[in-house]
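According to Swiss-Prot, the protein has these features:
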type	residues	note
BINDING	ASP1488, ASP1531	Mg(2+) binding site
COMPBIAS	165-211	compositional bias 'Polar residues'
COMPBIAS	212-221	compositional bias 'Low complexity'
COMPBIAS	332-355	compositional bias 'Basic residues'
COMPBIAS	407-428	compositional bias 'Low complexity'
DOMAIN	494-574	domain 'Ras-associating'
DOMAIN	1173-1439	domain 'PPM-type phosphatase'
DOMAIN	1483-1620	domain 'Guanylate cyclase'
REGION	1-21	region 'Disordered'
REGION	43-87	region 'Disordered'
REGION	126-245	region 'Disordered'
REGION	272-315	region 'Disordered'
REGION	332-388	region 'Disordered'
REGION	400-468	region 'Disordered'
REPEAT	632-655	repeat 'LRR 1'
REPEAT	681-702	repeat 'LRR 3'
REPEAT	704-726	repeat 'LRR 4'
REPEAT	727-748	repeat 'LRR 5'
REPEAT	773-794	repeat 'LRR 7'
REPEAT	795-816	repeat 'LRR 8'
REPEAT	882-903	repeat 'LRR 12'
REPEAT	951-971	repeat 'LRR 15'
REPEAT	982-1004	repeat 'LRR 16'
REPEAT	1006-1027	repeat 'LRR 17'
REPEAT	1074-1096	repeat 'LRR 20'
REPEAT	1103-1124	repeat 'LRR 21'
Amino acid sequence: MSSPTDAERVNMRREKHPQIEETFEEHVHNAMPKFKKHYALGITTHTNDEDDDPRDHRQRGIHNPNFIHSPNDPRPPLSQPIKPRFSVHGTASNASVFSHGDIAPVRKTSRAGSLFKRLAGKKSTTSLLGTEHQQRQQQQSSNSLVPAAGLRRKMSTFIHGGSGSQSNESRGTRSSIFFPSTSNSRRGSATSTMTSGSRSSHPPDTPPITSQQQEQQYDQQRQQRPETREQEQKPPTLSDMPIVSRSPSFFMLDTDLNNLSDITNIISATPKNTESDEVRSTGANKTLKYPKPPLSSHKSTSASDLSHHKAQWTAPESWDIEEDANKLLATKRKAKHHHHYHHPQHPRPPHRKHYSNFSKPIEDKAVVEKEQEPPEKCPQPISTDSNDAQGLEIAKPIDESSGIQHSASTQSVSSFSSGATGASGATGKQIGGDQETESTISTVGEDEEVTNLRSIDSEQTDDTSFSKFDEEYDKAEYQLEKYYNDFSDVDLNRRYAIRIFNIDDTFTTLSCTPNTTLQDMMPQLKRKFNVGQGSYQVSLKVGKLSKILRPTAKPILIQRRLLLLNGYLKSDPLHIMGIEDLSFIFSFVFHPVATSHLNYEQEQRLSRGDFVHVDLRNMDLTTPPIILYQHTSDIESLDVSNNANIFLPLDFIESAIKLSSLRMVNIRASKFPANVTDAYKLVSLDLERNFIKKVPDSIFKLNNLTIVNLQCNNLERLPPGFSKLKNLQLLDISSNKFVNYPEVINSCTNLLQIDLSYNKIHSLPVSINQLVKLAKMNLFNNRLTSVGDLSQMKNLRTLNLRCNRVTSIECHAPNLQNLFLTDNRISTFDDDLTRLRTLELQQNPITSMVCGGNYMANMTSLSLNKAKLSSFSAELLSKLPRLEKLELNENNLTQLPPEINKLTRLIYLSVARNKLESIPDEISDLRSLKSLDLHSNNLRMLMNNLEDLELTSLNVSSNLLTGFHGSPAKFFASPSPKLAKSLLFLSVADNNLTDSIWPLVNTFQNLKTLNLSYNNFVEISDLKLQNLTELYLSGNNFTSLPGEAVQHLRSLKVLMLNGNKLLSLPAELSQLSRLSVLDVGSNQLKYNISNYHYDWNWRNNKDLKYLNFSGNKRFEIKSALDPEGKNDLSDLGILKQLRVLGLMDVTLKTSKVPDESVSIRLRTTASMINGMRYGVADTLGQSDSVCSRDVTFERFRGREDECLICLYDGKNENASSGHKISKIIRDIYDKILIRLLEKYGEESDGIKRALRYSFLQLNKEINGMLVSVEDGNTDSGLTSADLLSGSSATVVYLKGKKIYTANIGDTMAVLSKNNGDFVTLTKLHVPAEREEYERIRTSGGYVNNQKLDGVSEVSRAVGFFDLLPHIHASPDISETVLSYSDEMLIIATHKLWEYLDYETVCDISRENKSQPMSAAEKMKDYAISYGCSDNITILCVSLDKSVNQQSQFTLNREDLISRKNTFEDTVLRRLQPEIAPPTGNVAIVFTDIKNSTFLWELFPDAMRAAIKTHNDIMRRQLRIYGGYEVKTEGDAFMVAFPTPTSALVWCLSVQLKLLEAEWPEEITSIQDGCLITDNSGTKVYLGLSVRMGVHWGCPVPEIDLVTQRMDYLGPVVNKAARVSGVADGGQITLSSDFCSEFKKIMKFHKRVVENQEPLKEVYGEDFIGEVLEREIHMLENVGWVFKDLGEQKLKGLETKEFITIAYPKTLASRHDLATKNQNSSVLNDDLLFQLRTISNKLENILSSINGGLIESETPGNSSIYMTFDKNTKDAVITKSTESDWISFLDHLVTRVESTVAILQLRQKLQGGLELYTSSDSTMHKSVFELLDEILKIQTDQKQ
């Protein structure tokens, strides 16, 4: 065996001369583990002799030491019941399964170890693979994962069944034995790469070959090497471009085989297609004949919904990355001579902001096919080798051309230039392969690629918005992967510092270049640590796990990559960071070579067991303990998970003759574990969370396998041998890299469940119908665009297609019961699924439901949330007789049909967040209904006969209710009001209820929760509900709380009375012994707490956890003793259970206030910070601890213009933990930031840099404390439970007029503006976000149930030590300059944003802009009324220091004062009331939708939804800017404004809002509503296009007697209407009068701004000046551009009008597009008149030939009818509509065609054209005579 130095020498030689083939000895050496020489056992070569004893072909001792995992992983199912300690800790996908099936007979010689080997074998039963071949397979497996830029190079040979690394090397002397390694002889060695499977070398330099040539070569090789069959199935190499997990997977594998009654009632059916089995069985010599082992698959390290507790770091493949580093660095040196080289500044991590305009991925199959191509296009061969003509659509890379910004960086990712990358791109050279591979950019399969793309494009609907977003989405994936996997910017000559620890915690620091190997460092380390000449090694420790590094590892590159994964940037000084202690992230440890052994505790625990179910997790083992060898024959289940270097020798496997369940979870394996295929009796095999790239074909030998779990690996295909696993019932291959459906599994006809989620599968083959027993299939989060026929899958019960790109589904599965289609692109659904019970169609652009099919007959649950429904079909309701659950939230419904009473079995009905104006009385017929949610609608009254329902829960919050139909007397008169007895939860918050409703409320005697917040109640004395436990009365007009009413509430636990006008609290509150939450904030409390006989004192309410007095500015807490003089009545410390105490603005004259601690949050500050008002509101929810911490620093650093506002939200999977971290952060963060601000300076870049480093430093200090906890130190107060605790953080630093915001996690900050807009200052960091998910998977993590590693709800946080480096603390940073329009800053924890959208939050803030405390409380109360029961913290800061001024003005004081108080809409009610109708000079605006008639005729349902969106935008902006809605006619609005500025800013803002709205898919799919961008990529048109016209004048006002609204009459109105008629869609036309008035105002404004003249002097009155100046500021924030259209003739008006067109500044390019379209229009006026002239001239010629009278006329006279004069043209143009022009064009074309036809007829029959005069008319033939001649000729020809 050669030394490592020799090996490197060989590799260097091979890199220069790739034709030199690797020798057998070299291959064996490089495949061996380099740190345990005694593992090098015997190696034998397999033959293809079927009769050979499998024992002769085992691989002894060859293993992969690259594995690590976490504790408490779920165990796989076993064949027999097991002990509880081998229990499940996770979701159903990993639940224990007890199978009592028969076990295959034991062989004569019980070599149980060979069972392991079967999993490492190949498919064919006629051959067994040799060890050398397995090594080659593993080498190629490591090669199979290449970056996007380089993937084309390997596709040429992989796609058509070649080895994938077929090259000149294969021509060597041993080519018949092995396929050559791609580049490096160590490629298949024990240690893999650290590149997340995305770096591997490229094929050596070979000329491109065609697929036919490949097949011929393949067949020749096949004949020479029958044992290398698995190699011939090598999949194509595609780059790793993970997708983001958008929702949790609720479809996990149900692994309980003892309880499969629901899915094992197999419906007998013969597979429709049995050809596949025959093909597979006859494919012994040509692997290409197998139907579809997925020969081409993109890498998909998508988040898997795994369910493991305390997951440890799962690094990419291995921590040892020297192999790829060697290639990358070598490639970099060579790449400098090519155009493909990227400048080091280019690779930057992407930033989500670039894509924030898109709410979800949108479909385009062309983009799907080009999914992973780097920025530069190049030919990508695709596989066409399939026996199934309707097979897989092999995906191809997408063109990626632009860079995006890294979330933690202020710099942008440079766009990739085509010249810099060429066909394969720099990434290919930087990340893998030798120099020689540069020329092997294959052109094989180009024709197939083009054909495939064309076929795909032909299927795809032309939706540019879908296409654009899909392209951006896929591009971002490539950029993210490239950032972490790119070594091109590494300076090979630069020296990097690295700290290496000794086992006694001493350390030394070395300075090395990046390519320094561990072997090179060893002499220095031995000298530094003064050790002898013994054997030493270095381990990398991350979290609790250690990985031994190979001698050829490059620690500098490992350190660099780990730093990047932990949030540091390439622009940071990474070369000197190794000087610092980085053990809070990772550490290198120098220690002697020693075999693993159990400590005493572990050995005792193991010896106490029965050795039947053996648990060896987390023991840092390299081999099984010696003690196990004495009991191997008893072992039935073995769990060796989370042992980074574990290897199971063959002798151990041989002796474990009963082994039926094997778990090797997270063992860091990049190759399939050796010897596993020798465990012949295995029933359950769990290899999840590794980096396995290839399953050996010999897995067919494990024919007893029932359960296989391979989720979260790097698989791109499955081997043909998989088809032999006939007993397989449960298969989980989620979170892998499949682009094509692995068709080989269709031969496993006993499969019951398959999980294929989190891959990138584009289509399902027809052969899937062979799985006739399959009951559950999970395809969550793939790239499917359609689902075809599944009619042969007779037993399919559940199909999960959430988060795909499905536009149509016609599966026809006869027994399908559960279909989940959330977040797709389905606009209509009409599949024939007669047994369907559950249908999820949430977040689909559905505008109507088709009622034609029978799929609803058995349906019990239907979800249509977040669709585009504007109506619900009555016919549809009649077809849902068994429906029990119906969800229609967040649509545009205005009413429910009366036929809803046909849903007689309905139990749950939710129609929240719609526009319902009434509820049909027929709903009272639903006697089974238990839960009714109607919150956030426009209901004024509830239905009749409400008392007949038996509801337990009713939520009608945020409506316009003033009462119920009928009277309470009618309700009482009911013989037995069922509702009074059944109702338990009632929420009627945010309505217009008054005290008259109390008698009705009191009838609900069993009520537990009552929410009457934000109504108009004044008295509460009539409330008598003894069973009430929660009472919410916030935001009413209570002035007192009667003690009599309180006495009846003995069971009360929660009482919310904030936002009232209470002066005192009754002493009877002390009798509520169970009271735990009391909120009386923002009242007018002023009473003596020592007068406890009459007023409330808290001393008897010992269970109080939440007590809030904040906002009571006149309330005093004074020290006073009780009559006995023993106790201080002001002592708040007696409340031992207290968690939150709010005393903001309260006067404290006592010292008996508890100190803030980990268990209590205390607020005692004033509600002012730097002159700005601020307020805080929070609730504990169900938590028993204070998880959230807010803190403000006024005059931060002692400076008047600075303040710091922070909000921290503790996180932990255990609700009782996580609060300690947030408290520690609160105490130390400000000091860290002060220190770094001093270091980096006061400039903008310095501040942002200080903020970023402050978070990283904070994480260092927190994790440093957690490290000490790991070592047994508890001085910090933290415990081991906090190792999985962390905290989100949002920090707002105000300096002067700038706001700097930094955040990690899900605590969001929003800036509300007075113009109705808002700015999101933070970024959401959750695992489901694409950028976050990509980084998680790159670092080796996974996502389960929307939690990172199944633990954290956020992907960035401080803490979570056990999750490093999957989680990090690098913040997103934003910088905002405050403007006049900014009103309020809102910071809140994540639960608020789940229940209230940004728009609602900002509406509330504008409504309460002068009272931020009330705004915060109202947001909290709204969330509670909508159903929130978790903890929330909200912090509001009012930025407007002139809070007492009115925000909206008119020129008339009476108009301002007399704002109306009528609320016709729940949302509008939160805005300013509508202004009174202006009089005098006003601005009249007319609006109209372009081509609305055409759209209504084409898409009536879609237009119904679109019009609602249009009207909402119009009316919302009217309230914000102060306009009066005069009337509407159809889709046209007439609006009046008191000032020109308010009219213009309204028009501009509406145009911008229309562009941002979500329109139905039908509207955006046609030309009139599709996405149009300008040359810079700015969105210019999308959705409905609205024309607007504005005129200024003095119309005649008149009240409409019918509507009682002001109308305007006269010529001013007429002119305004005509001005709007000139506009095109998206334009705002202005009359000359309006422009003149506007210019006058702007001149006044200029005097105020430039000359500083007083408002009264300029405008004549201060009030008017304030109004106009405020509106001008709003206008300047929006921005505007004027374009002169010139004089235009207005229809019906005598004189011309000079028209000006206005555009928002950001949409100025609309003018160029409109002008261009007009000039290039086919139907422009001049062209039509020219065509008429041509027609007339042709007719003149024809008349002359026919002998007409035209020739007698003079040319001058001819022009009279040839062309129109200008006046005639203008008259025609003015009176003609678009349809008139189309008819005119048709008329002219017909005339021209007829004339030309007659001329040609004469020319053909008469031999030419001859002019005749009128006197010669008898000499020429008429046209009818000519036709007679033609008929005669035809008759003669027939005869």
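Glycine is treated like the rest: Cβ placed from N, Cα and C.
All protein chains considered, the CB of ASP1488 (Mg(2+) binding site) has 20 other CB atoms within 10 Å. The Cβ of ASP1531 (Mg(2+) binding site) lies under 8 Å from the Cβ of ASP1488, ILE1489, SER1492, ILE1507, HIS1510, each of which sits 6+ residues away along the same chain.
Per-class residue totals from DSSP over the repeat 'LRR 5' (727-748), listed helix then strand then coil: 5 helix, 3 strand, 14 coil. Residue counts for the repeat 'LRR 3' (681-702) under DSSP, helix first, then strand, then coil, are 0 helix, 4 strand, 18 coil. Confidence in the repeat 'LRR 21' (1103-1124), given as mean pLDDT, stands at 89. The helix, strand and coil residue counts that DSSP assigns across the repeat 'LRR 17' (1006-1027) are 0 helix, 3 strand, 19 coil. When Cβ-Cβ distances below 8 Å are used as the criterion, the repeat 'LRR 17' (1006-1027) is approached by residues 957, 981-995, 998-999, 1033-1039, 1041-1042, 1044-1045, 1048-1051, 1056, 1059, 1418, 1421-1422, 1424-1425 of the same chain, each at least six residues removed from its ends. Residues 1029, 1034, 1050-1068, 1103-1112, 1114-1118, 1120, 1129-1130, 1137, 1142, 1177, 1179-1180, 1411, 1413-1414, 1417 of the same chain lie 6+ residues outside the repeat 'LRR 20' (1074-1096) yet bring a C-beta within less than 8 angstroms of a C-beta in it.
Residue counts for the repeat 'LRR 1' (632-655) under DSSP (helix as H, G, I; strand as E, B; rest coil) come to 9 helix, 3 strand, 12 coil. As a summary of secondary structure, the domain 'Ras-associating' (494-574) carries 24 helix, 24 strand, 33 coil according to DSSP. In this structure, ASP1531 (Mg(2+) binding site) belongs to neither helix nor strand by DSSP; it is coil. Each residue of the repeat 'LRR 4' (704-726) gets a DSSP state, and the totals for helix, strand and coil are 5 helix, 3 strand, 15 coil.
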